[in-house]
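J.: Got a structure for you, written out below as structure tokens; questions coming shortly.
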Amino acid sequence: MNGIERAAKQQGGIEEGAFGRHDIDYNRFAAVMAKDDLLREASEALEQAGIEDARREARLLLGWATDRDLGGLLSLDNVCPEQALRFSDGLKRRLKREPLAFITGETGFWTLDLETGRDTLIPRADSESLIEAALNVQPDRNAPLSILDLGTGTGCLLLAALSEYPHATGLGVDLAPEAAALARRNSIRTGLSERCFFMAGNWTDSLHGRFDIVLSNPPYIETGDLAGLMPEVVSYEPARALDGGADGLDAYRILCGLLPGILVPEGYAILEMGIGQIDAVSALGASNGLREVARRTDLGGVERALVLQLPG
């Protein structure tokens with residue numbers, strides 16, 4: 001189960017006020033502090049707030065505050081006041097359940113380091129199953145593929161695919177202009193901007209031509225389940241990128257209707273989906289003339305990626 005789907009363990013989420021139960025004297029951060037003291041206090045506070053892997057999150061926060069990677073923290077003994085205050089600010093935000101990727105402004109996906117922002121979902125490791133599926137059905141890394149990413153967000157799927165296919169080109173489309181702009185910045189950040197283009201628009205109005213591979217991680221959470229998601233998701237990530245309608249399948253109905261007109265013959269569509277949705281999405285594909293050729297599980301064993309093909 002990934003971070004989007006995991007519901008709060010208590011009805012209504014973690015009880016109000018739980019994030020601040022650990023009593024931290026933030027004024028102490030105005031002086032030089034030992035790294036180990038900072039990490040210990042932060043880890044305890046994060047753990048009491050119900051945040052998983054609190055020790056690692058504390059180290060990542062300190063790395064952000066001191067502009068060091070995790071390896072660089074090993075040689076750090078003391079933290080100067082400016083860095084300690086920045087760490088304090090980040091810790092306060094994390095205890096309010098703001099996602100770490102929004103605090104630091106970046107996250108890793110596949111082999112890439114990407115900018116993140118409040119206008120898009122945070123890339124998650126489970127989505128890497130789509131890239132694995134693409135490499136499995138199209139093993140020729142030198143193929144001059146044309147790749148389309150619908151609902152591109154940060155651009156993570158398209159950029160990861162382009163990083164593996166050095167002769168491929170791609171188009172990413174997102175309804176939000178802010179998301180398309182962020183994806184464009186990530187293409188520059190990763191050195192892939194010359195092989196891709198990002199645009200804002202509706203899927204049904206923005207597409208011309210056909211593509212060898214279509215990637216998409218569409219909204220797939222049932223509307224009635226949104227309120228029960230983890231605070232990091234429901235309070236900070238954009239609802240438009242989460243809400244899949246009453247049964248979570250609204251976007252797939254649109255996608256499966258579009259795919260026959262935008263795939264080349266024998267082209268592949270590789271779609272991400274939620275727990276228990278893969279059979280229904282496969283049936284939607286079949287009703288539009290697409291055949292299922294593969295499924296791929298994520299790190300938690302969930303059938304996360306579905307590969308559909310347009311017959312030749």
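Every residue gets a Cβ built from N, Cα and C, even glycine.
TrEMBL feature annotations, pasted as is:
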type    : residues                                                       : note
BINDING : Gly151, Thr152, Gly153, Thr154, Gly155, Asp174, Trp203, Asn217 : S-adenosyl-L-methionine binding site
BINDING : Asn217, Pro218, Pro219, Tyr220                                 : substrate binding site
DOMAIN  : 37-105                                                         : domain 'Release factor glutamine methyltransferase N-terminal'
DOMAIN  : 146-224                                                        : domain 'Methyltransferase small'
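Any idea what these are sitting next to in the structure?
T.: Less than 8 angstroms from the CB of Asp174 (S-adenosyl-L-methionine binding site) sit Thr120, Gly151, Thr152, Gly153, Ala180, Ala183, Phe198, Ala200, each of them six or more residues away in the same chain.
Around Pro219 (substrate binding site), the C-beta neighbours below 8 angstroms that are at least 6 residues distant in the chain are Gly151, Arg240, Ala241, Leu242, Asp243, Gly244, Gly245, Asp250, Ala251.
According to DSSP, the secondary structure content of the domain 'Methyltransferase small' (146-224) in residues is 31 helix, 23 strand, 25 coil.
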J.: Using all protein chains shown, find which of the binding-site residues Thr152, Thr154, Asn217 scores highest when you count other CB atoms within 10 A of its CB.
T.: Thr152
J.: Looking only at the domain 'Methyltransferase small' (146-224), what is the model's average confidence as pLDDT?
T.: 96
J.: When neighbour density is defined as the number of other C-beta atoms within 10 angstroms of a residue's C-beta, which of the binding-site residues Trp203, Tyr220 has the lowest density?
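T.: The binding-site residues Trp203, Tyr220 were compared, and Trp203 has the fewest Cβ atoms within 10 Å.
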J.: How big is the gap, in Å, between the Cα of Trp203 (S-adenosyl-L-methionine binding site) and that of Pro218 (substrate binding site), rounded to a whole number?
T.: 11
J.: As a test of the contact definition, list every same-chain residue at least 6 positions from Pro218 (substrate binding site) whose Cβ is closer than 8 Å to its Cβ.
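T.: Listed in sequence order, they are Leu150, Gly151, Gly244, Ala251, Tyr252, Leu255, Leu271, Glu272.
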J.: Which residues, same chain and not among Asn217, Pro218, Pro219, Tyr220, have a CB within 8 angstroms of the centroid of the CB atoms at the recorded substrate site?
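T.: Those within range, site residues removed, are Gly151, Ser216, Ala241, Leu242, Gly244, Ala251, Glu272, Met273.
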J.: Which of Gly151, Gly153, Gly155 (the binding-site residues) has the most other Cβ atoms within 10 Å?
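T.: Per the Cβ count, the most surrounded site is Gly155.
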